[in-house]
Amino acid sequence: MRQILIAVAVALTVSILLTPALIRLFTRQGFGHHTREDGPPTHHAKRGTPSMGGVAIIAGIWAGYLGTHLAGLAFDGEGISASGLLVLGLATVLGIVGFLDDLIKIRRSRNLGLNKTAKTIGQVAAAVLFGVLALGFRNANGLTPASADLSYVREIATVTLAPGLFVLFCVVVVSAWSNAVNFTDGLDGLAAGSMAMVTAAYVLITFWQYRNACVTAPGLGCYNVRDPLDLAIVAAATAGACIGFLWWNAAPAKIFMGDTGSLALGGIIAGISVTSRTEILAVVLGSLFVAEVSSVVLQILTFRTTGRRVFRMAPFHHHFELAGWAETTVIIRFWLLTAIACGLGVALFYGEWLAAIGA
């Protein structure tokens, strides 16, 4: 537990201290945000707000993770694992793709960065590399970071994917989550606050998997997850980094995370869900992100087939703004929905364990 607390504390401290330094640096360099011309009128006042704040989030996560393991040397904590590094590596590569996207937007003074093809190639490359490596690194107990079995709370043995299909599955999961968080990052603090809650839920889930691992506590309801404690540390560091960033990103935002942060955070959800064997449960925990990306897909499909729009504007948080809701009202209500979804997800996880032990 102390490793988790250290991860939160270090990540939060680094993020909350580094973010204002980035605000000053990006302001001097003119790295300002460019709003959508067709966006809500209230958003035009945000033009010029520093972007690429995701750098602070990624730095905070890495600092929390590495700092925890350095501190662990003093009290014989578990070392760095393949699962933890794979998740962080995936998030970092996606963060680099997002950084390039943000940089092009700034250089060209418009709200369009990398073209869709280049951005998709970056996401797919990161996902393929993650998927291939996740089925390797078998430990002494025969466990790999990921399982080819489709997973809800634990593997569904009746649905086993061939290696090639598993990699394709990872491409879908990574692309979906990175885009979902990216679309959600349209209001001050919405994505950061929601991510803090989702990763906090994952701290509870992965720590419970650690306490009930089949390797150390064999029996009914145990979990065959390779590195659950290290995943809990990654989740804790992410939650801490998001909270630290939220201090400056809360409305009215002093800085935005940009695609640098949103793509990286989407990678965190994708990576942890795959390595903790909870890909389906993640949809419940991250219901807000799922709803946001679904609203975009629905809007596009409906408009192309009928010429009409379902929402005033997509992602659908803008729909509520255009309906007259204040931005802060949308944010707080969406946070509440995320909290409910996370509570439901943790309850489903625990309920499955109770069922597994016959309670």
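Note: Cβ is positioned from N, Cα and C throughout, glycine not excepted.
According to Swiss-Prot, the transmembrane segment annotation covers 3-23 (among others), on the basis of sequence analysis.
Residues or ranges marked as transmembrane segment by Swiss-Prot on the basis of sequence analysis: 55-75 (among others). Residues 2-4, 6-12, 14-15, 18-19, 22, 84, 88, 91-92, 95, 99, 192, 233-234, 236-238, 240-242, 244-245, 257, 260-261, 264-265, 268 of the same chain lie 6 or more positions beyond the ends of the transmembrane segment (55-75) yet place their CB under 8 Å from a CB of it.
Residues or ranges marked as transmembrane segment in Swiss-Prot (evidence: sequence analysis): 80-100 (among others).
Beyond its flanks by at least six residues, the transmembrane segment (117-137) meets 82, 86, 89-90, 93-94, 96-97, 100-101, 144-146, 148, 163, 166-171, 173-175, 178-179, 263, 267, 270-271, 274-275 of its own chain at Cβ-Cβ distances under 8 Å. The annotation transmembrane segment is assigned in Swiss-Prot to 117-137 (among others) on the grounds of sequence analysis.
As annotated by Swiss-Prot, transmembrane segment applies to 156-176 (among others).
The annotation transmembrane segment is assigned in Swiss-Prot to 187-207 (among others).
Among the features that Swiss-Prot reports, transmembrane segment is placed at 231-251 (among others), with the record citing sequence analysis.
Distant neighbours of the transmembrane segment (255-275): 19, 22-23, 26, 33, 49-55, 57-58, 61, 83, 86-88, 90-95, 97-99, 101-102, 113, 123, 126-127, 130, 134, 145-146, 170, 173-174, 176-182, 184-185, 191-192, 195, 198-199, 202, 206, 225-227, 231, 234-235, 238, 242, 245, 248-249, 281-282, 286, 289; these residues of the same chain sit at least 6 beyond its ends, with a Cβ under 8 Å from one of its Cβ atoms. Annotated transmembrane segment per Swiss-Prot: 255-275 (among others), in sequence order, evidence recorded as sequence analysis.
Within its own chain, the transmembrane segment (280-300) has Cβ neighbours under 8 Å at 150-153, 176-177, 179-181, 183-184, 194, 198, 201-202, 205, 266, 269, 272-273, 309-311, 314-317, 319, 334, 337-338, 341-342, 344-345, 348-349, counting only residues six or more beyond its boundaries. For 280-300 (among others), the entry in Swiss-Prot reads transmembrane segment.
According to Swiss-Prot, the transmembrane segment annotation covers 334-354 (among others). For the transmembrane segment (334-354), the list of distant contacts is 152-154, 187, 190, 193-194, 197-198, 200-201, 204-205, 208, 212, 221, 278, 281, 284-288, 317: same-chain residues at least six beyond its ends, Cβ to Cβ under 8 Å.
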